[in-house]
Amino acid sequence: MTIVLFGAVGTLISFIIISLGAMQFFKKMNIGPLTIGDYLAIGAIFSATDSVCTLQVLNQDETPLLYSLVFGEGVVNDATSVVLFNAIQSFDLSHINSGIALQLVGNFLYLFISSTMLGVLAGLLSAYIIKKLYFGRHSTDREVALMILMAYFSYMLAELFYLSGILTVFFCGIVMSHYTWHNVTESSRVTTKHAFATLSFVAEIFIFLYVGMDALDIEKWRVVSDSLGKSVGVSAVLLGLILLGRAAFVFPLSFLSNLTKKSSYEKVDWKQQVTIWWAGLMRGAVSMALAYNQFTSSGGFTQLRENALMITSTITVVLFSTVAFGLMTKPLVRILLPSSKQLTRMISSEPSSPKSLILPFLNNETESETSQQGNTSIPRPTSLRMLLSAPSHTVHYYWRKFDNAFMRPVFGGRGFTPFVPGSPTERTEHQWQ
């Protein structure tokens, strides 16, 4: 819920602040005849954080909670920005009124909810197919191919129905990790994990290559060469609005999120809030793609001075934020979170092996005896392990009851996977038993 709160609501707050700020400053700077649609598009362009750049400077092993928040917020943030951008482009905003504003909000909600539901349905379909069709269970190649193709199928469906492919793939991946991934054999799980990691690494390389190639687009720089100071001023204004828009939702929404948490270790303290705020200041490929979509004609060329100014300013913001903020993120994390190893023990990711799932179910006698054997402090268990061992009557508790009673028997998942005789999964289970 914190990720969705930051990614969706936070992006809307940042979008409003950047759009209104750009409208105020750019009119005074007289950069050209920009329309209300251009200003709203600027808000959508620069409210999209670059999760790729951020995750490159964070270590999942050292700061798993921070990594999860930044990754999840980055994906939802990019998807929300793209949905906002598409909603803005689908309307004629030259004569905006209350009716068009309501249609814009309705179109945004339609794209967001429809993309989310399509991703969930595609993920459930993949889990059901892989669970019921046994012809792939004896072949790692077939299982891996089915998982990759079904994930790509969700993206194709989103593009076919003019929805957000990023948002659809994100929620499809969540559902597939909860159900589909547990329906394949252990060898297919390992292969799938490394296959997606390799594809992700290659895609990140191409993203940075494209950003670097855009920075060397001489045509755009030649158009604005006579007004270099104004280009620097526009970039500085955009950077200031990014800083302000980021701070306007990270700290207030963190405060609201902490009000719902009873335990202190579940709350996002001010050091983590500062780190999250700083880590989301970088802009990257999504901003570049949206800027080229808005301010260039067919083929990527433009002779309009205001459009070329916005393209070069976007390139400047992307390069400066990536280099400056990116290089300073790691030292900032070390200053604000010096005890990273202790944080890793206290707040860890979801256990990936069935053996670690057995640990939360140790009886209280064993834990109490262990705690009495010496004065060394035992790390506090994570919220996930506390939930597994003694679930409270919260939304997680009722979701687990519904999931175990209705969803997992149909779509599979952890504990509901039919084992193939002689498979690595079955041998591992017998070994742990």
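Note: Cβ is positioned from N, Cα and C throughout, glycine not excepted.
What TrEMBL says about a protein is an automatic prediction, not a curated fact.
If you look up TrEMBL, you'll see 2-334 marked as domain 'Cation/H+ exchanger transmembrane'.
Tertiary proximity for the transmembrane segment (6-26) is limited to same-chain residues at least six positions away from its ends with a CB under 8 Å from its CB atoms, namely 34, 36, 39-40, 42-44, 46-48, 69, 72-77, 79-81, 84, 112, 234, 237-238, 240-242, 244-246, 248-250, 253, 276. Residues or ranges marked as transmembrane segment in TrEMBL: 6-26 (among others).
According to TrEMBL, the feature transmembrane segment maps to 108-130 (among others).
Remote same-chain partners of the transmembrane segment (150-175), defined as residues 6 or more beyond its termini with a Cβ less than 8 Å from a stretch Cβ, comprise 75-76, 78-80, 82-83, 86, 111-112, 114-116, 118-120, 122-127, 129-130. Here TrEMBL flags 150-175 (among others) as transmembrane segment.
Look at TrEMBL and you will find 195-213 (among others) tagged as transmembrane segment. Through the fold, the transmembrane segment (195-213) approaches residues 52, 56, 144, 148, 284-285, 288, 318-319, 322 of its own chain, all at least 6 residues removed from its boundaries and within a Cβ separation under 8 Å.
The transmembrane segment annotation in TrEMBL covers 233-256 (among others). Long-range Cβ contacts of the transmembrane segment (233-256) within its own chain (Cβ-Cβ under 8 Å, at least 6 residues beyond either end) map to 5-6, 9-10, 13-15, 17-18, 21-22, 25-26, 29, 31, 42, 46-47, 268, 273, 276-277, 280-281, 283, 309-310, 313-314, 316-317, 320-321.
Under 8 Å from some Cβ of the transmembrane segment (276-295) lie the Cβ atoms of residues 6, 38, 41, 44-46, 48-50, 52-54, 57-58, 66, 69-70, 73-74, 77-78, 81-82, 85, 89, 207, 210-211, 214, 242-243, 246-247, 250-251, 254, 268, 302, 307-308, 310-311, 314-315, 317-318, 321-322, 325-326, 328-329, 332, all in the same chain and six or more residues away from its ends. As annotated by TrEMBL, transmembrane segment applies to 276-295 (among others).
Under the heading transmembrane segment, TrEMBL lists 307-328 (among others). Panel annotation: around the transmembrane segment (307-328), residues 31-32, 38, 42, 45-46, 50, 53-54, 56-57, 211, 214-215, 217, 219-221, 223-224, 227, 230-232, 234-235, 238-239, 242, 278, 281-284, 287-288, 291-292, 294-296 of the same chain, lying at least six beyond its termini, place a Cβ under 8 Å from a Cβ of the stretch.
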